[in-house]
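Report on one structure; see the data block that follows.
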């Protein structure tokens with residue numbers, strides 16, 4: 001039952017997710033592609049976490065943050081991908097009112113935590129390159145744990161705010177969500193409550209997370225660039241640049257898609273374009289991050305070779 005009588009209103013008890021396409025052939029193709037991407041995402045990020053745990057050479061701050069980033073990437077992808085895959089297999093994909101709120105909150109939680117972790121990683125690179133003599137003190141285990149815990153708390157607070165407002169909305173009319181997951185924007189359009197205040201508050205909260213983390217990243221890399229340009233050694237410059245390249249690539253991909261989805265005016269792109277970019281943000285990026293950090297990082301490549309060597313010798 002999709003509707004329930006509540007007082008003088010008919011409340012929605014479930015939503016219909018319209019997904020990416022109605023074409024049956026394209027649904028099969030997309031199911032196969034996205035399933036493969038999801039499996040690579042899980043295996044790639046799990047491998048990153050395990051490699052960092054078993055390799056003593058990787059037991060320092062940058063890889064501590066990277067292991068948590070891998071966990072968050074798995075969480076972000078898993079919050080929407082399994083349900084999206086189900087959408088391809090059945091004609092009418094429904095999600096309960098409670099399930100919709102939980103899915104939306106999980107996606108926002110992991111998305112927010114990723115922003116904070118990327119900022120923490122930028123700060124770590126700043127300390128390593130600009131203040132190498134103080135690095136071990138300023139980036140102690142205690143400080144790293146505090147930064148990671150702070151990232152999770154920040155993500156929890158942002159997601160809790162969105163969950164609070166979602167469950168305060170009254171949905172009494174159409175229940176067809178033109179998306180492949182319960183995103184806040186299309187749900188607001190379906191609400192028959194006054195959403196003006198909630199939209200302002202949530203926009204401010206999400207905008208604050210984005211602006212604060214972008215500011216930290218921008219300032220960190222500004223100082224890093226100044227420090228690198230002052231280096232006289234070409235080898236030193238190359239080494240400093242190489243330690244930042246992977247993180248800069250991940251930051252560019254992540255914030256580039258966030259900007260397209262949440263910052264650009266809705267009139268400038270269609271709903272279908274928004275869906276495609278959302279797939280890249282929530283499905284592709286979690287798969288790409290382990291590849292970005294492993295292919296461009298000599299320490300990780302060295303750790304992989306050592307672990308494979310140990311396995312071969314057994």
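A Cβ is built for glycine as well, from the same backbone N, Cα and C atoms used for every other residue.
Model, not experiment: these values are computed from the prediction.
Quick look at what Swiss-Prot annotates:
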- 1-28: topological domain 'Extracellular' (TOPO_DOM)
- 8: N-linked glycosylation site (CARBOHYD)
- 29-49: transmembrane segment (TRANSMEM)
- 50-57: topological domain 'Cytoplasmic' (TOPO_DOM)
- 58-78: transmembrane segment (TRANSMEM)
- 79-102: topological domain 'Extracellular' (TOPO_DOM)
- 100-192: disulfide bond (DISULFID)
- 103-123: transmembrane segment (TRANSMEM)
- 124-136: topological domain 'Cytoplasmic' (TOPO_DOM)
- 137-157: transmembrane segment (TRANSMEM)
- 158-199: topological domain 'Extracellular' (TOPO_DOM)
- 200-220: transmembrane segment (TRANSMEM)
- 221-240: topological domain 'Cytoplasmic' (TOPO_DOM)
- 241-261: transmembrane segment (TRANSMEM)
- 262-274: topological domain 'Extracellular' (TOPO_DOM)
- 275-295: transmembrane segment (TRANSMEM)
- 296-314: topological domain 'Cytoplasmic' (TOPO_DOM)
Margin query: Assess whether the transmembrane segment (58-78) lies in contact with the transmembrane segment (200-220), where contact requires at least three Cβ pairs under 8 Å among residues 6 or more apart in sequence.
Written below: no
Check: Which listed range (103-123, 137-157, 200-220, 241-261, 275-295) shows the maximal number of Cβ pairs under 8 Å with respect to the transmembrane segment (29-49)?
Finding: 275-295
Checklist line | Non-local residues, at least 6 beyond the ends, that sit with Cβ under 8 Å of the topological domain 'Extracellular' (158-199) | finding: 2-3, 9-12, 14-20, 79-80, 83-84, 87, 95, 97, 99-101, 103-109, 112, 205-206, 209, 266, 271, 275, 278-279, 282
Next item on the list: Kindly state the mean pLDDT of the topological domain 'Extracellular' (158-199) in the predicted structure.
Entry: 87
Check: Looking only at DSSP and grouping its letters into three states, which state does residue 192 (disulfide bond) belong to?
Finding: coil
Check: What stretch in 137-157, 200-220, 275-295 has the biggest tally of Cβ pairs under 8 Å against the transmembrane segment (241-261)?
Finding: 275-295
Next item on the list: Helix, strand, coil: count each for the residues of the topological domain 'Cytoplasmic' (221-240), based on DSSP.
Entry: 17 helix, 0 strand, 3 coil
Next item on the list: Six or more residues out from either end of the transmembrane segment (103-123), which same-chain residues have a Cβ under 8 Å from its Cβ atoms?
Entry: 62, 65-66, 68-69, 72-73, 75-76, 79-80, 83, 95, 147-148, 150-152, 154-156, 158-160, 162-163, 166, 181-184, 187, 206, 209-210, 212-213, 216-217, 220-221, 247, 250-251, 254, 282
Check: How do the residues of the topological domain 'Cytoplasmic' (50-57) split into helix, strand and coil according to DSSP?
Finding: 7 helix, 0 strand, 1 coil
Note to self: Given a Cβ distance threshold of under 8 angstroms, which distant residues of the chain, six or more beyond its ends, lie next to the transmembrane segment (137-157)?
What the structure shows: 61, 64-65, 68, 108-113, 116-117, 120, 123-124, 127-128, 131, 209
Check: What else in the chain is close to the topological domain 'Extracellular' (79-102), if you only count residues 6 or more beyond its ends and a Cβ gap under 8 Å?
Finding: 2, 12-17, 19-20, 27-28, 30-31, 34-35, 38, 41, 110, 163, 166-167, 171, 177, 180-182, 187, 282-283
Margin query: For the transmembrane segment (275-295), give me same-chain residues lying six or more residues beyond its boundaries with a C-beta closer than 8 angstroms to one of its C-beta atoms, as numbers and ranges.
Written below: 20, 34, 37-38, 40-41, 44-45, 47-48, 66, 69-70, 73-74, 76-77, 79-81, 84, 107, 179-181, 183, 246, 249-250, 253-254, 257-258, 260-261, 301, 304
Next item on the list: State the non-local partners of the topological domain 'Cytoplasmic' (124-136) in its own chain: residues 6+ outside its ends, Cβ under 8 Å from one of its Cβ atoms.
Entry: 61-62, 65, 144, 220-221, 223-224, 227-228, 240, 243-244, 247
Check: Tell me, how many other CB atoms lie within 10 A of the CB of residue 192 (disulfide bond), whichever protein chain they belong to?
Finding: 15
